Each structure stands twice: as C-alpha cells, then as structure tokens.
Amino acid sequence: MGRKLLLEHINVPGINTFQVYKEKGGYRAVEKALKTMSSDDMVEEVKKSGLRGRGGAGFPTGMKWSFLAKPEGVPRYLVCNADESEPGTFKDRYLMTHIPHALIEGMIVGSYALGANTSYIYVRGEMMPQIRILEKAIAEAKAAGFLGKNILGSGYDLEIYVQPGGGAYICGEETALLESLEGKRGNPRIKPPFPAIAGLYGCPTVVNNVESIAATVPIVNEGGEEYAKIGIGRSTGTKLISASGNINKPGVYEIELGLSVEDFIYSDEYCGGIANGKRLKAVVAGGSSVPILPANLILNLANGDKRLMSYESLSEGGFATGTMLGSGGFVVLDEDQCIVRNTWNFSRFYHHESCGQCSPCREGTGWMEKVLHRLEYGHGKMSDIDLLVDVSKKIEGNTICPLGDAAAWPVASAIRHFRDEFEWHVKEPKLALEKNYGLAHYADPIKVAEEVSVN
Amino acid sequence: MLRVEEVQSVEFSSALILKFDEIVSRYPEGKSKSALLPILHEVQAVYGWLSSAAMDKVAEYLQIQSIEVYEVATFYTMFFLKPQGKFVLEVCRTGPCCLVGAEKIMDYIGDKLGVKEGEVTADGLFSYRGVECLAACGYAPVLQIGPEYTFYENLTPESVDQLIENLKNK
C-alpha cells in the first residue's frame, strides 16, 4: 500500500468542507508558513522536495518559483492552471471535486511564498460544478480568517478568485492561459519573456498545475527533505495517475513514484488488470500527447528490467523505446483496439484544438487528421504512412508552443510501433472497416467514407 | 467569415449588471477586460446563446470594441453563436471515451432524438454535439448539459433514455 499525501482522507465524509478538512489536519501548512517561515524558506523547502510540475512538463517547481522577478512596487501573481483537458487526464477534476481545500490551502502557501496578494484559479469552463465547489471553499476559508486581510494576524493579505475558461485545450499552455485570463483569445505568447518576468498584466507570475500547488501543502507540513525521501531518484513524492480505457478499475490513484508499470496495471490496488479478460496491447502513459508504447515496451526496459512509474524510467530509451510520465493520464488499450482509429481520434482532437497561430500546427494537424481519416475509412495509400511521418517531423519543434509536438508525437509513435497495422488498413480496407464498424459497413465501405467528408 | 445570428436588441437585467459588476471587481483597476469570459458565460446562461446584440451590449458594458468580444466568442467552443435546443447534450468523443463506446452513444442519441449533430428537435427541447475531451475519462462515456454543465457518467442506452425522459419533464 503506497503512501498517500493528497488523497489520504478522500473517503472521509464531508472532507470537501472546511470544518472536516481542518479536523483532519488541514490548514496546518498555512499556520506554519505564515507564523514560522519566510518566503525564501518556503521556496527553499519546495526546492529540497524535488517536486516537479505535475501538469505534464515536469519542470522543478522550486526552481520555477525562484525565477520570479521581484521588482519594487509591482504586483506578483500566482495563477493555478486548472484547465485540465488533456485526453486521458482527469486527476485535477477529481481533486477539486472531492478535496477543494487541498488546492485552496496550497494556493495560500504558494501565494505567500511568492509574495502574491491576488491569485487566480483558471478552471476550464466546462467544470462549472467544480468552479462552484471552489468558490464555496474560498468563502469558507475566508470566513475562517485564512483569506482576506491580515491572515491569522500575520500582516499578509490575499484574495483568490476563480476564473472560468471557455473550452479551449490550448489554454492549458501557461502563456495562452494568461492571455485568456486577460480576456483574449488563448494564443500562446512567444517566450522569452517568461511569465516569471512578464506574466499576467505584464507582471511577474508563476503558473502551476492544481496537483503541484496541492503538493506544496505536505511539503510545508513535513519538510522538503522528508517529501524527497518518497519516490525514486529524481522522481520524488507521490503522483496522481488518471487511469482509463480497457481496465477493470478506471479512476484516479495516488502512487508513490517508482511503482512498476506492471503492478499499476495488474494489481487489485490500482487498475485491476485488463477488462473482459483481454490482453494488453498498448498504453498511452502520460496523456494523449505522449508517445504510445506497445505492451512489451511499456512493461519492460530494453535490458529486461521492469519499467517504473517515474519520470526517468518511462522516458528511458528516448522516443525510440520510451515515453513520458507527462500529466499521468494513463490510457490502456486492449488487444481489440485499432491503433489507426485511436491515432485518428487523437489527431482530430489536436486539429480541433490548434489555436491556428503557427502555420505548421494549423495546417499540419489538419493534414494529419485528413490522411489518418482516409486510412481509417478505407481510402488510404501506402505512401500515406510515410507522409504522416514526414508531416509530423515538420510540425515538431516548429511552433510557438508545445501543442505542435503534442500533435506530432502520437502519430509518429503509433507508426513507429504499429506500422504493420497501418499497412493492413491500406492492404485490407474492407476487413479494417468490418473490424471497426461491423458487417453492415463491410458490404458498403464507401457508405462509411461518405459519413464524414474526406478531402 | 464571422457567422453571428442577428437579433434586434437585448437589454440586460439589473441583476445581471450587478453580477457583471461583481465579476469586474475581481481584477485590478484598468483590467476589466479580464471579465469578458465570465460575463459571456453569464449572458449565455440567461439567453442560451450569444447574439450579436448581446455581444455588442457586453462590449458597451466593458467599454471595449465589439470585435474584441466577437473574436473571443468565436475562439472558445463553449460559446454558441446561434440558438440551440433548450438542452444541449454534449458528448465527449475523444480517445478514452471512444475506447469504451462514446461513438455508439452519440449515434444512439441522434437516432433517439431524430436529428443530426448540431440540429434542434422540432419541439425546441434538444440538440446534441460531440465535444473534445471533457477530462472525465475514467467515467466514460460521459456527456454534459449546460448552463450548469451537469455531468452524466458511464452512459448506456438505458441511462440516456432515462435522462432524456427526465429532461422532457423538467
């Protein structure tokens, strides 16, 4: 049984309320921070903890905090990125729904560490129920004196506001999020300057994921060094993993980093094995943007050791044989799933969600989707497969923000590991249609193709 | 080309204006444009969609150009620029949901309502559409219904039947 830092009290009735959360030890971190620690102490503790950004990028949180510019007379901001919309990832929704005060407490200690007096939680607009939950939690914390003027008599003032997004995946990118928070289209900004220098309203700003902010609470409570003892190597602490797809027990799990992938998939404590007695075919381990891996590579490293749920182990071998921990969105595909269809589905997502600012992404994501579409619907050519690889290479690294890479990697990795399946779709389009759509369409493959326009 | 359906005029209620004022108070002085997305959500919750007249009125309130409102409203998928059914069933159709049958649920809803994606039923009650990842992959297939964005998880044809019956009686 792994140690739980964020979800320890998840099953306690009423843990979503201030009263029960506090009875279970909540808001100790605020009292400790404001009464005994300086801002510099706080940053130092988070550095010692080794905490890495839980939104997907994995950048050291303490280092990010230490970059914050502190010019005189200029406000600073902490902005929480709760725009969770990476396919496969649903941990932040879970945390905000069930333990909203874990985020509010983290926002208070984080804001104090950064010297921010106004902070925003940018929540994707579709999460309106979670927005209401957070607003209630903020009101409760304020009524108890943990927000507002002169918190706990410390002289520190803080207001937290919740901002709804409008349904755009790109707003999960930190500079696009800031643009959106300023009331504009969510077009990513060119970096530098980084938000730490010029962020919200041109002021120094830190943008952190929900889980990263919540994780600062146990770090303050127990100390950075204690936190760093959990996990493995440079993958310290615990991580929320959102597990979905063809497994017996989909859901959000808190794991100690370093657990084996095999144990995570097959043990009853976590995913409980593959649903319906099927065999494992592939896994997208860190949200849809990371490379997909076939069963043998997700379970084992090249040297035969077990692959572990950690930043380093999942990425071992680079993109040739590895992937990324990313956001912890763990999507499991069983033996019946069609890789071409799954890749097309993800590709459609990235085409839909490209903000259109950079040509390689705007044009390339649409191009990839269309080619995958015709492969899926029985009109593909063998040359399409290399065309997809070529287009993905031309998008990767050539855009302002990482959405281009996110769109390219699933396609490139699917072809790298499952090329024979793409070729089968070209050679046997009728059989592929029958597999994915049933016998009715086997008789008339053109009918399927006409259901969605193919360009 | 911007496609915004026209209506003659819109007058916001004093209660709605008070809500706008509260929203604007969340931001520093001179940064009231930050209130645009929350205000558009409030307007859509009242009217069901965003007409050009409503967006012009929002621009007037925030003292910004109408085009600044249009460019935001057209960028974000949550904002409707034409009338919808009273209940818009938004079904997640992205990867993990599709692994467990989201597309079949979409087909089922279309057949049951007798309309295609994006169309409104004759009684004006329902429309449906596929949307990209709703971040609820562990409870798939899922759909949401605004303006509160109530969530319905682990959908089956039977649960969809029940849901639609309940909404008809609402």
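Glycine residues also receive a Cβ, built from the backbone N, Cα and C atoms like all the rest.
Note that the coordinates shown come from a computational prediction; the quantities given were computed from them, not determined experimentally.
What TrEMBL records for B:Cys92, B:Cys97, B:Cys133, B:Cys137 is [2Fe-2S] cluster binding site. Residues within less than 8 Å, Cβ to Cβ, of B:Cys133 ([2Fe-2S] cluster binding site) and separated from it by at least 6 positions along the same chain comprise B:Cys92, B:Thr94, B:Gly95, B:Cys97. The DSSP secondary structure for B:Cys133 ([2Fe-2S] cluster binding site) is coil.
All protein chains considered, the CB of B:Cys97 ([2Fe-2S] cluster binding site) has 30 other CB atoms within 10 Å.
In this structure, of the binding-site residues B:Cys92, B:Cys137, the smallest number of CB atoms within 10 A of the CB marks B:Cys92.
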